[in-house]
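**Student:** In case it's useful when we look at the structure, here is the feature table from TrEMBL:
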- HIS200: active site, proton acceptor (ACT_SITE)
- GLY32, ALA33, GLY34, GLY35, GLY36, ILE37, GLY38, ASP58, ASN117, ILE140, SER141, ASN142, MET251: NAD(+) binding site (BINDING)
- ARG104, ARG110, ASN142, ARG176: substrate binding site (BINDING)
- 26-168: domain 'Lactate/malate dehydrogenase N-terminal' (DOMAIN)
- 170-337: domain 'Lactate/malate dehydrogenase C-terminal' (DOMAIN)
Amino acid sequence: MFSRSVARVWAAPSSRFFSASAAHRTKVAVLGAGGGIGQPLSLLLKSDPLVTSLSLYDIRGAPGVAADVSHVDTGSEVNGYAADQLDQALEGVKVVVIPAGVPRKPGMTRDDLFNTNASIVRDLASAVARVAPDAHILVISNPVNSTVPIVAGTLEKAGVFNPRHVFGVTTLDVVRAARFLAAVAGASPNDTAVTVVGGHSGPTIVPLLSQSSHGKGITGEAYDKLVHRIQFGGDEVVKAKDGAGSATLSMAYAGAKFTNALLRGLNGEKGVITPTFVKSPLFEDQGIDFFSSNVELGLDGVKKIHPIGQLSAAEEGLLAACLPELKKNIEKGKAFVA
Ligand SMILES: NC(=O)C1=CN([C@@H]2O[C@H](COP(=O)(O)OP(=O)(O)OC[C@H]3O[C@@H](n4cnc5c(N)ncnc54)[C@H](O)[C@@H]3O)[C@@H](O)[C@H]2O)C=CC1
Ligand SMILES: O=C([O-])CC(=O)C(=O)O
């Protein structure tokens, strides 16, 4: 099914997804592989020609997911690991994707997940520091604005933090922005890419519609509605799932898309640029040292952090609302590790 030519057909909805222009392939681990995101993410990564080996870990269910996914007829090898096999799961791994942790229910904010997810993420990051200290870590678990500083702080404590290797996955905001703008503009999502900066929760999600040819003409009520939908797209899914969790399938798509972008950068492809939440100098002078903006991905992870560029007056307002909230979320994560 996924011969070279069919893989190209399958990748057609997005030319940046599952492109395999480079020769090297990589061992990838998914921590939380048994969950709502972890399962479809593992399937999508099994289909990515740049993945040579998949290591699936969860405190429950990963060996079953691995047995299932391993029957897919692509070249990569798949292994599942049980709760007491975290170190084995991480051996030789170059990229670690973390969707482990609890999701929201209606009425909760992402920050309400902090008490449960902070220690899950910290413990997983400690294991990565011990077994695969040079790995690139892609954090999906919420609240991302805090879990990324927790991962960074944990690695720092272990003496192995490399700011080029730690990423908060904000790709779902970018995916939603393109999709929702396409619907408003009557265009294809392939033509409505939007840079989304800031963080990953309500007002910290700042879409830069003025920098998009389709987005810049949208004003007034239509603009306010579109921004609100991008900022609160996660709530839309939480409400519709009615207590059964949050976005899983679109998140798996976004997680696989970001992983593929990173793998292409690691393989030497030039010009791979996408927003991601990283250790960043952009607002360091305001005490905010993690921020999502366009990042070029290269042979060693973060290659270049792009500035946010020219903002409209409305976007200046969104950014002003983002920064204090983001600062609070980052400080909460740091305080947890300190
Ligand atoms: N960054 C983003 O854009 C998004 C983030 N999320 C977040 O992703 C996380 C996971 O969401 P779902 O997959 O829907 O939840 P889920 O509950 O379906 O799956 C979570 C999985 O993590 C596992 N897990 C718990 N503790 C673990 C540990 N110590 N080690 C390994 N695995 C562990 C559980 O056994 C479960 O299989 C949530 O925190 C959610 O808020 C969800 C959607 C978008
Ligand atoms: O809304 C949530 O809790 C999950 C999430 O981060 C998203 O869908 O953007």
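Cβ from N, Cα, C; glycine included.
Quick one: how deep are these features, and who are their neighbours?
**Tutor:** Counting only same-chain residues six or more apart in sequence, the Cβ atoms lying under 8 angstroms from the Cβ of HIS200 (active site, proton acceptor) belong to ARG110, ASN142, PRO143, VAL144, ASN145, GLY168, THR170, ASP173, PHE277, SER292.
MET251 (NAD(+) binding site) carries a helical DSSP state (H, G or I).
DSSP labels the residues of the domain 'Lactate/malate dehydrogenase N-terminal' (26-168) in these numbers: 64 helix, 29 strand, 50 coil.
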**Student:** Once ARG104, ARG110, ASN142, ARG176 are set aside, which residues in the chain still have Cβ within 8 Å of the Cβ centroid of the substrate site?
**Tutor:** PRO103, PRO143, VAL144, HIS200, SER201, GLY234, ASP235, VAL238, SER246, ALA247
**Student:** Can you check which residue among the binding-site residues ASN117, SER141 has the largest number of Cβ atoms within 10 Å of its own?
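**Tutor:** Result for the most crowded candidate: SER141.
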**Student:** When a 10 Å sphere is centred on the Cβ of GLY36 (NAD(+) binding site), how many other Cβ atoms does it contain?
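**Tutor:** GLY36 (NAD(+) binding site): 19 neighbouring Cβ atoms within 10 Å.
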**Student:** Report, in whole Å, the straight Cα-to-Cα distance of ARG176 (substrate binding site) from ASN117 (NAD(+) binding site).
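**Tutor:** That separation, Cα to Cα, works out to 24 Å.
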